[in-house]
Amino acid sequence: MGSSSSSYAPKTIYLDVDGKVQKVVFSRHCSPCDIKELLCSSSNIPRNTAITMVDPEGALVSIDPTMPTNSPNSLYKVISLSTGQLGDKEDMFQNVLSQVAEQFSRAFRINELKTEVTNRLAMLEKRVELEGLKVVEIEKCKNDLKKLRDEMTSRGGGRVGNCPCKYNFSDDGKKLNPRRDVPSYPKYTLSQETIEALKKPTFDVWHWEHNEMLSCLEYMYHDLGLVKEFNMNPITLKRWLLGIQENYRSNPFHNFRHCFCVSQMMYGMINLCNLPEKMTLTDMGILMTAAVCHDLDHPGYNNTYQINARTELAVRYNDISPLENHHCAVAFQILSLPECNIFANVELEAYKQIRQAIITLILATDMARHGEILDSFKHKVDSFDFTNEEHVTCLKMVLIKCCDISNEVRPTEVAEPWVDCLLEEYFMQSDREKTEGLPVAPFMDRDKVTKPTAQIGFIKFVLIPMFETVMKLFPQIEEIMVQPLRDSRDHYEELKQIDDAMTEGSGSRFMIQKFKKVMGRPDLRL
């Protein structure tokens with residue numbers, strides 16, 4: 001207690017002021033400026049005058065709360081620096097300070113550092129300004145799109161059921177009106193690195209904006225020779241791709257980025273499996289165009305919901321693949337516009353065959369038909385004949401199915417965010433089904449499903465068997481497509497074991513070991 005009290009006691013020093021003893025008392029928490037003012041006042045020196053203080057031997061005394069106390073027998077003297085009373089000592093002190101400052105400047109390259117900091121600040125300010133302009137443009141585009149959607153909604157009139165679609169088909173003769181005059185999007189030059197990456201399942205689809213994805217799709221059509229084969233007008237191809245992008249909704253999963261994923265995987269499989277050597281360019285055009293169009297105007301609620309809720313789509317298509325039928329209808333509504341018809345220069349009979357083939361592939365993406373389509377392919381794969389039209393059609397159906405559900409083929413950091421997106425869309429539907437008193441699938445119920453349980457069964461019983469069947473025809477996909485699926489299965493099974501151990505509450509050691517294994521850090525100390 002004694003030492004604590006003394007730290008708060010006032011401090012007293014004694015000054016020699018014109019031969020008289022002057023006592024100065026100040027708090028130990030005073031600032032040096034406050035102490036200097038007290039000293040000036042006690043020594044009859046004007047305020048704000050530069051001062052110094054010396055002891056009887058002429059040594060400098062620091063003017064701050066830590067200065068040593070003295071006694072009336074050992075007086076301090078306050079000297080105004082303007083009086084020059086320090087003489088040579090002051091000059092020497094100033095010289096030392098100047099030398100120290102110069103040495104510091106040289107040692108730390110202060111001037112160069114100032115210049116560098118100034119230049120960097122200027123660059124950052126310019127960058128912030130440019131980014132700010134980008135944000136303004138993006139917000140403007142968002143507002144324009146919102147206005148256009150609202151306008152289309154108001155034009156569409158009433159809807160039957162709880163799942164409105166952008167287009168009202170009550171007037172069968174009515175064509176799809178473009179929502180705006182489609183401008184040309186900026187031309188991007190793809191680097192050689194990007195061109196090569198586009199051909200691989202490892203392509204990271206999360207790093208690209210819509211305009212960049214459109215340019216990548218445009219490149220694919222040119223690279224595969226489809227523009228030349230179908231005598232497409234390059235500007236029409238641009239307009240068509242923009243029309244496609246505009247007619248994908250902003251769902252968590254079934255959106256334009258998913259469309260691009262499926263199309264990029266199709267482009268990758270075409271290259272990996274050397275399909276142009278085994279099939280026609282028309283087949284390549286059918287595969288790519290079906291992939292691009294396969295989920296157009298997806299409302300975010302699956303066929304089960306459409307049928308149970310008796311929506312307009314379910315009624316229109318008699319509960320038979322209502323969504324897939326709708327995707328086809330919207331696709332050909334867009335193609336019916338002269339400015340968007342990439343097949344405008346194809347002969348009528350050839351166009352009919354292309355149209356029918358695209359419809360066949362899009363309808364094949366209905367997972368309710370998965371077993372039927374895969375069984376048909378299994379019966380053909382061991383004696384597959386590329387000259388047999390039925391065999392080739394079945395292969396194309398399986399290829400678009402592979403691409404549609406191929407996210408787990410991709411690296412974990414690319415694939416896993418898609419699981420979150422899909423579950424978000426599932427939960428939106430199941431919440432709505434609960435509200436409307438409709439049946440809820442367990443794999444879509446937020447109270448029952450987890451990420452591992454959602455993926456394990458799907459990978460083991462749907463993805464791996466389908467890709468392994470395709471592997472019989474194209475062995476080269478094993479390393480780059482099938483093995484990542486097996487690794488993904490193992491990854492989610494490990495996560496499930498951890499979840500189970502945590503749920504049981506009695507497997508702490510086991511859980512830690514599994515966590516280390518999943519993290520790839522067996523040496524990790526927890």
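Glycine is no exception: its Cβ is also placed from the backbone N, Cα and C atoms.
All TrEMBL annotations are machine predictions without curation.
Annotation comment: TrEMBL describes HIS254 as active site, proton donor. Summarising the annotation, TrEMBL assigns AMP binding site to HIS254, ASN255, PHE256, ARG257, HIS258, ASP295, ASP404, GLN455. Per TrEMBL, the feature Zn(2+) 1 binding site maps to HIS258, HIS294, ASP295, ASP404. Positions annotated as Zn(2+) 2 binding site by TrEMBL: ASP295. Sequence annotations record features per position, and here TrEMBL assigns domain 'PDEase' to 178-499.
Proximity to HIS294 (Zn(2+) 1 binding site), judged by a C-alpha distance within 10 Å, picks out ASP404 from the binding-site residues ASN255, ARG257, ASP404, GLN455. Scoring each of the binding-site residues (ARG257, HIS294) by how many neighbouring Cβ atoms lie within 10 Å, the top position goes to HIS294.
Within 10 Å of the Cβ of HIS258 (AMP binding site) there are 22 other Cβ atoms, across all protein chains.
The average pLDDT computed for the domain 'PDEase' (178-499) is 95.
What surrounds the Zn(2+) 1 site, by Cβ distance within 8 Å of the Cβ centroid and not counting HIS258, HIS294, ASP295, ASP404, is the set HIS254, CYS259, VAL262, ALA291, HIS298, THR365 from the same chain.
Once Cβ contacts within 10 Å are tallied over all protein chains shown, the binding-site residues ASP295, ASP404 are led by ASP295.
The binding-site residues considered are ASN255, GLN455; of these, ASN255 has the fewest other C-beta atoms within 10 angstroms of its C-beta. Across the residues the record lists as binding AMP (HIS254, ASN255, PHE256, ARG257, HIS258, ASP295, ASP404, GLN455), the two Cα atoms farthest apart are 23 Å from each other. Cα separation, the residue listed as 'active site, proton donor' to GLN455 (AMP binding site), rounded: 18 Å.
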